[in-house]
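Data block below; observations after.
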Amino acid sequence: MAPKKAKKKEAASSNVFSMFEQSQIQEFKEAFTIMDQNRDGFIDKNDLRDTFAALGRLNVGNDELDEMLKEAPGPINFTIFLSMFGEKLKGTDPEENILNAFKIFDPEGTGIIKGEEIKYHLMSQADKFTEAEVNQMFTNFPLDVAGNLDYKNLCYVITHGEDKEQE
């Protein structure tokens, strides 16, 4: 029985690695290494607390950290870390669906939306964004000199994880 279990485990982990391109796996590995503060090959509660502290959030409660750790099926090594991201990304809509949602605001199909217009809609419709959340989005996806958002690039980053220009 032991050889069968080992084979199943091997197949599951190789499946996780096939979900991502090599460059994405390398980026996840770098993130994992940064988070694994004590360099033991696992992300634990202390690693999470230290990572939050490095990002400027010092008062993270034990309950919040425990909830995060409960999302994993066991100790978080790199393979588990990668599979957790795979599960999260699995729910992401295809690029075409996201583009179609933005096209509502761009009937001419130019690929851009006025920054003020998208800010208004994000802050006033459905799951309303806060001003800080909109500003963070504009920090990550800056408006052009005319004050427009390149939503085609934004959609690409959401679904592929990197700027089209970087490829």
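The backbone N, Cα and C atoms fix where each Cβ goes, and this holds for glycine too.
Remember, TrEMBL labels are computer predictions, not curated facts.
What you are looking at is a predicted structure, and each value in this text was computed from that prediction instead of being measured.
Residues annotated as domain 'EF-hand' in TrEMBL: 23-58 (among others). Only residues 6 or more beyond the boundaries of the domain 'EF-hand' (23-58), in the same chain, are considered here, and those with a CB under 8 A from a CB of the stretch are 17, 65-66, 68-69, 75-78, 81-82, 85, 161-162.
For the domain 'EF-hand' (93-128), the DSSP counts in helix, strand and coil order read 19 helix, 3 strand, 14 coil. Marked as domain 'EF-hand' by TrEMBL: 93-128 (among others).
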Q: Please average pLDDT over the domain 'EF-hand' (93-128) for the predicted structure.
A: 86
Q.
Give me the DSSP three-state residue breakdown of the domain 'EF-hand' (23-58), ordered helix, strand, coil.
A. 23 helix, 1 strand, 12 coil
